[in-house]
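Straight from Swiss-Prot, the features:
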- Ser1: N-acetylserine (MOD_RES)
- 3-38: domain 'EF-hand 1' (DOMAIN)
- Asp16, Asp18, Asp20, Asp27: Ca(2+) 1 binding site (BINDING)
- 91-126: domain 'EF-hand 3' (DOMAIN)
- Asp104, Asn106, Asp108, Met110, Glu115: Ca(2+) 2 binding site (BINDING)
- 125-160: domain 'EF-hand 4' (DOMAIN)
- Asp138, Asn140, Asp142, Glu149: Ca(2+) 3 binding site (BINDING)
Amino acid sequence: SDLWVQKMKTYFNRIDFDKDGAITRKDFESMATRFAKESEMKPEHAKVLMDSLTGVWDKFLANVAGGKGIDQATFISSMKEKVKDPNAKAVVEGPLPLFFRAVDTNEDNMISRDEYGIFFNMLGLNPDMAPASFDAIDTNNDGLLSQEEFVTAGSDFFINDQDSPNKVFWGPLV
């Protein structure tokens, strides 16, 4: 769907950390490093996050890249095929609990509105955009995101090609 393509363009934009128009393993490494540093993540958690994010590259994208970066059009066509894989949901969900841990800076097993603003800041987005996304994925409207809500929203972003509140998980669509 056009919406799914727009979501993939949004994600591509968020993970192209060096903004060179291509995603590489280095972008995933940079994302993990920034999240670990800005959330003051414990070293053992930082290693798991790094392994998980580079694992997304290794499992999903390295064969597409062929030793170089992946441009947006190639990324989108590859993801169209990848999400059809029966293991896609598990691979997509893999790093999400680690992102959750990175964003849950006070380690209370919930993400507050303020902590979600930190998530947006880590992605290079204006934290002022976070409340609208937060409210959209706070499915039980308790003002907090559980790990289940966070992982479900993040996974749905990639897997679901229909309109849903989770389309704003990675921020406003580009």
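Just so you know, the numbers here start at 1 and follow the chain as drawn.
Each Cβ is built from the backbone N, Cα and C atoms, and glycine gets one as well.
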Please report the three-state DSSP label of Glu149 (Ca(2+) 3 binding site). helix
Mean per-residue pLDDT computed across the domain 'EF-hand 4' (125-160): 94
Within 8 Å of the Cβ centroid of the Ca(2+) 1 site residues Asp16, Asp18, Asp20, Asp27, which other residues of the same chain have their Cβ? Ile15, Phe17, Lys19, Gly21, Ala22, Ile23, Thr24, Lys26, Ser30, Gly69
Give the residue counts of the domain 'EF-hand 4' (125-160) per reduced DSSP state, in the order helix, strand, coil. 24 helix, 1 strand, 11 coil
Say you check the Cα of Glu149 (Ca(2+) 3 binding site) against those of the binding-site residues Asp16, Asp27, Asp104, Asn106; which is nearest? Asp104
Hey, which bits of the same chain come close to the domain 'EF-hand 4' (125-160), Cβ under 8 Å, at least six residues off its ends? 4, 7, 11, 14, 79, 83, 88-89, 92-93, 96-97, 99-100, 103, 109-113, 116-119, 166-172
List every residue in the same chain as Asp104 (Ca(2+) 2 binding site), at least 6 positions away in sequence, whose Cβ is under 8 Å from its Cβ. Met110, Ile111, Glu115
